[in-house]
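K.L.:
I am attaching a structure below and will ask some questions about it afterwards.
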Amino acid sequence: VFTLNPLQPLLCAWLRCCGGGEPRPRTVWLGHPEKRDQRYPRNVINNQKYNFFTFLPGVLFNQFKYFFNLYFLLLACSQFVPEMRLGALYTYWVPLGFVLAVTVIREAVEEIRCYVRDREVNCQVYSRLTARGQPPSSAWATSFFLFITQNQRVPADMIFLRTSEKNGSCFLRTDQLDGETDWKLRLPVACTQRLPTAADLLQIRSYVYAEEPNIDIHNFVGTFTREDSDPSISESLSIENTLWAGTVIASGTVVGVVLYTGRELRSVMNTSNPRSKIGLFDLEVNCLTKILFGALVVVSLVMVALQHFAGRWYLQIIRFLLLFSNIIPISLRVNLDMGKIVYSWVIRRDSKIPGTVVRSSTIPEQLGRISYLLTDKTGTLTQNEMVFKRLHLGTVAYGLDSMDEVQSHIFSIYTQQSQDPPAQKGPTLTTKVRRTMSSRVHEAVKAIALCHNVTPVYESNGVTDQAEAEKQYEDSCRVYQASSPDEVALVQWTESVGLTLVGRDQSSMQLRTPGDQILNFTILQIFPFTYESKRMGVIVRDESTGEITFYMKGADVVMAGIVQYNDWLEEECGNMAREGLRVLVVAKKSLAEEQYQDFEARYVQAKLSVHDRSLKVATVIESLEMEMELLCLTGVEDQLQADVRPTLETLRNHSRPRSRVWMLTGDKLETATCTAKNAHLVTRNQDIHVFRLVTNRSEAHLELNAFRRKHDCALVISGDSLEVGAGTPPERTGKLTCAVGDGGNDVSMIQESDCGVGVEGKVSEGAGGLLAAQRSVRGCQVVVLGWEVLSNHRAVFSSVFYFASVPLYQGFLIIGYSTIYTMFPVFSLVLDKDVKSEVAMLYPELYKDLLKGRPLSYKTFLIWVLISIYQGSTIMYGALLLFESEFVHIVAISFTSLILTELLMVALTIQTWHWLMTVAELLSLACYIASLVFLHEFIDVYFIATLSFLWKVSVITLVSCLPLYVLKYLRRRFSPPSYSKLTS
C-alpha cells in the first residue's frame, strides 16, 4: 500500500496555522452554503514557491545559503571598504550580478509558468445548478451543485449525486491522481439518482455528513440524509460515491455537490514539495571549492608570514585573500549551469527517446554515474495488458492450447439443458461423468463471468449508442470498462469460451449463452477489492431459479483460510506463480433467502455507522466468508515491454562493475522471480537466493553472509526483511540510485532517488547521461586550471615584488578573462565525446571510471593543481625574465601568454573535434586581438605589434604547453584509456 504524504501531523498543524482550525467532520447542506458549520478554504490551486513580496528575498536567500555564492558576495561587498579595495567595483560586481541575474530570470520564468498553469486550472468554467438555471461560473464553494461533462476534469472533491448514463453509474480516469490507467467505477447516491430531474435537487432538504479532510484517496466515510421524506432516508457513502479533484469523467454527464475545496482537497494534501536534488558532481565541486579556499587561506598566511607580520598584518591577510580570490572561479558556476542546460536540451532532442521531458536541469550528468537502478514492474517493465493463460480445477488444468475443451463443456451444458425433457431420469454412468466435469467447468466459468466490476459499453462509430447497440448486444460494438486489466482479461476469456457479459447496471447483469439465451442476474451486494482485503465478492440472484449465490475471488494467501479444506490449492498456486502467472482463487457459497436477509440487515446497519465503519463492515462480510466451495484457479500474465529484454540483458552481461537492477513488485515471490527471468534480469540457469523472513538485525546479517558466499547470484527479498536489514537509520553506501516508474504510486520512489525517471511505456537509455558526466568533468577541470594559473601568476608576481598585495591585472582584463576571452572554448566542451552514443550503449564498461569517480578524484585534482603551478610560474617568470624596460610590457607578455595557454589547454582536453569547437577557439582569439585596441590603459598597443613581443609570447606559451602535449602523447601510447581501444 502506497502513501503519498507521511507528514499528516505537520499538515494538520499547517491547516490550524492558516486559519482553517483543526480538521474535523462536517455537515454539508446540499445547495445551501449559508448553513455551513465551519469556515472552508477557497477553491484555488497555488503551486508557486513565492509571491510578489517574497520572490526576490526568497531567491537570494536560496542562492547565498551555499558557500560558493556566499563567498563571492562577501568578496564583492569587501570592495566597499577603501583599505580592502584592489580594483574597480565592477570587476567584482559584474560577474556576480550576471550569475544572480541568470538565476533570478530563470526562477521568474518558472514562477510565471507556474502562475499561468494555476490560473488555467482556477479559471476553468463549469455549469452550476441554481434556482435561476445553469449559469457557467469559475467560482464555487462547498455545498454548490456542479455539472461535469464527459472528458472534463473534476475541479473539487465532490459527492456523486446523479448521472445521465442509463446504467446509473459512471467511470473515472484517475491517472493524474494515483497513476493508474484503468478506469474506476463510481455510483451516485441512490436517493438523488431516483429524482425525476436534476432541478429537483434544489427542492429537497438533505445534507451530507462527511469525515474530516485527510490524505487517503482510497477510502471515504460519510452518510447522506434526506429529512423531508417520511420517514427520513439515510444512505451510507463510501469511496464509490466520490469524485476526487483531478480525476476525469470518462462517461456521461454527472452532477455532484462540492465537499472539500482548496488546501483540503485530497490531491493537494497528498502533494508535498520534492526535495531539492543536488548532483554528486556539484557536491564534489563544492568539496574541492572548500579545499581551494583552505589553500587560499594558507597562501595568504604564508605571504604575511614572509613579511614577518609587520604593520597591520591582519589587514594584509584580508588583502591577500582578496588578491588570490580568483583561485575559486565564479565562471565555474556559470559554465557548469549552462552546460547542464545544454545536456538537458540534448536529452530532450534524442531521437531514440522521443517525447522525453527533462523536469530537472540540475542533475543530467547523474545518469552517467548510477550504481543502483530501482524499477517498478507493472507498466514499466510490463505493459499492464493481461492475457488469460490458465484455468485450474484441481484435477485438471486448461491452458491456451486446450481452451477449445472448455468451450466444448460450456456448449454441452447449455445444449443439454435445452434438449433434456424435464421428466428425464436415470442417465448412464458415462453421461454422469461427462456432466460432472462439464458442470465443474460451467460453475467455474459462470463464477468468473459474474464476480467482477466490469461494465460492457456499446459504441457505434466512436459515438456511444446505448439504445440500438445494447438492444441487440452487438459484439462488434462492445468494449469492456473496468478498474483493473485483470478483470477485463477474465471477462474477455469467458466470452471466448461461450459465456458473454452483455449488459450491466447498478442492480443487474446479463450473460449470453452459446445458444443466444440471455441469463438475467440481480446484483444484491458488491464487495469491492481493497489492498487490505486482497479479494472482492458479489452476491447475485439468478432470476430464472431464484437461487442466491455468493461469489468471491482473491489472492491465495487470504482465500486459503476461506475455502473448504483441500490438498491442492497451495501446491498449484506455487506452480502457476513459478510460470509468471498472476493467480486468483475463485470460490462460491449458496445462500438461503433467510440467511441473506439476516446478512443484509446487519450489513446495512454497519454501513451507516460513522465510527469504525470499515471494521464493522468487514466483520459482517467475514461472517459469510466461511467454508466456501473452491471452484478454480485462474492465471493471467502481464506482457513485457518490447525493449526490456535487450536493455536488461546488456546491463547484466556487459557492466563491470555492473549496475545493480532492483525490480520492485507486489506480486508473489514465485511470480516476481519468473517475471525477472522473462525480462532477462536474471538468466534461466542463474542461482537465486531467496532472503528468508528475518525479525532482527542479527538474523539479517547471517542471511546476508550466506548470500555473499554465493557467486553470481540474484537476490529476492521481501519488503519486511529489507526494512529490517536496512536498519533505522539506514546505512549509507555513497552510491547513486535511479528510480524508474510509470504511475502516481511511484512518485515517492522517484522523488527520493538521486535521479528519477517517469516512463510512458519505454525504458530510457543513458548514453546521454554518460557523455554529459564526462563533459562536465572536463569543463570543470579546464575552468579551475585557468584560474589556478592566474592565481599562481599573482602569487609569483607578489613574491617577486616584496610580497606586495597589488593586483597584476585590473579592470576589464579580469572581466574579459572570465568571459569573452575564454568562455566560448570552455563551453564548447559540451560537444565533446569520448565515443559515439551507440558505442557507449554497447559497452557499459565505459561507465566504470565514472562510477568510481576517477575523472574528478583528489588525485586528478592534485595533478591539475600541479599543472597550474607549473604553467603559472612559467608564464610569470618568463615574462619577468624577457621584459625589457616598462612594467606594462610584463602585463602584455604574461596576459597574452595566459590567454593562449588557456586556449591550448582546452584543445588538449578535447577528445573528438567538432567544427563549433574550432569556431569557439578562433572567436575567442579574435575577440582578444580586437579588444587590444581599447586596452591601451593596461597594455602598450605599439609594443604588441613588434616582433619582440611575438617571439617572447611564443616561447613562453610553448614552454608552458609543449611538455603537457608530450605527456599526453606518451600516456595514450603506453597507457591508453579504455575508450581509445574502441575508437581506434
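Cβ coordinates come from backbone N, Cα and C, glycine included.
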K.L.:
In TrEMBL, which of 243-263, 327-347, 558-578 is tagged transmembrane segment?
P.N.:
243-263
K.L.:
Looking at the ranges 784-807, 808-831, which is given as transmembrane segment in TrEMBL?
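P.N.:
Residues 808-831 are the ones TrEMBL records as transmembrane segment.
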K.L.:
By a Cβ-Cβ criterion of under 8 Å, what residues six or more beyond either terminus of the transmembrane segment (88-109) are in contact with it?
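P.N.:
The answer is 50, 55-56, 59-60, 63, 69, 72-73, 75-76, 79-80, 330-331, 333-334, 337, 810-811, 814-815, 818-819.
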K.L.:
By CA distance, which of the binding-site residues (Asp376, Thr378, Asp742) lies nearest to Arg582 (ATP binding site)?
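P.N.:
Answer for the nearest of the binding-site residues: Thr378.
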K.L.:
Rank 243-263, 861-881, 941-967 by Cβ pairs under 8 Å to the transmembrane segment (915-935) and hand me the top one.
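P.N.:
Between the stretches 243-263, 861-881, 941-967, 941-967 has the largest tally.
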K.L.:
Across the whole of the domain 'P-type ATPase C-terminal' (795-976), what does the mean pLDDT come to? Round it, please.
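P.N.:
The predicted confidence over the domain 'P-type ATPase C-terminal' (795-976), as a mean pLDDT, is 77.
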K.L.:
Pick the one among the binding-site residues Asp376, Asp742 whose Cβ has the fewest other Cβ atoms within 10 Å in this structure.
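P.N.:
Looking at the binding-site residues Asp376, Asp742, the Cβ with the fewest others within 10 Å is that of Asp376.
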K.L.:
Asp742 (Mg(2+) binding site) to Phe529 (ATP binding site): how many Å between their Cα atoms?
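P.N.:
That separation, Cα to Cα, works out to 22 Å.
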K.L.:
For the transmembrane segment (808-831), which partner among 243-263, 283-306, 861-881, 887-908 gives the most CB pairs under 8 Å?
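P.N.:
Counting Cβ pairs under 8 Å, the winner is 887-908.
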K.L.:
How many of the residues that make up the domain 'P-type ATPase N-terminal' (33-93) does DSSP mark as helix, as strand and as coil?
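P.N.:
Across the domain 'P-type ATPase N-terminal' (33-93), the residues distribute as 32 helix, 0 strand, 29 coil.
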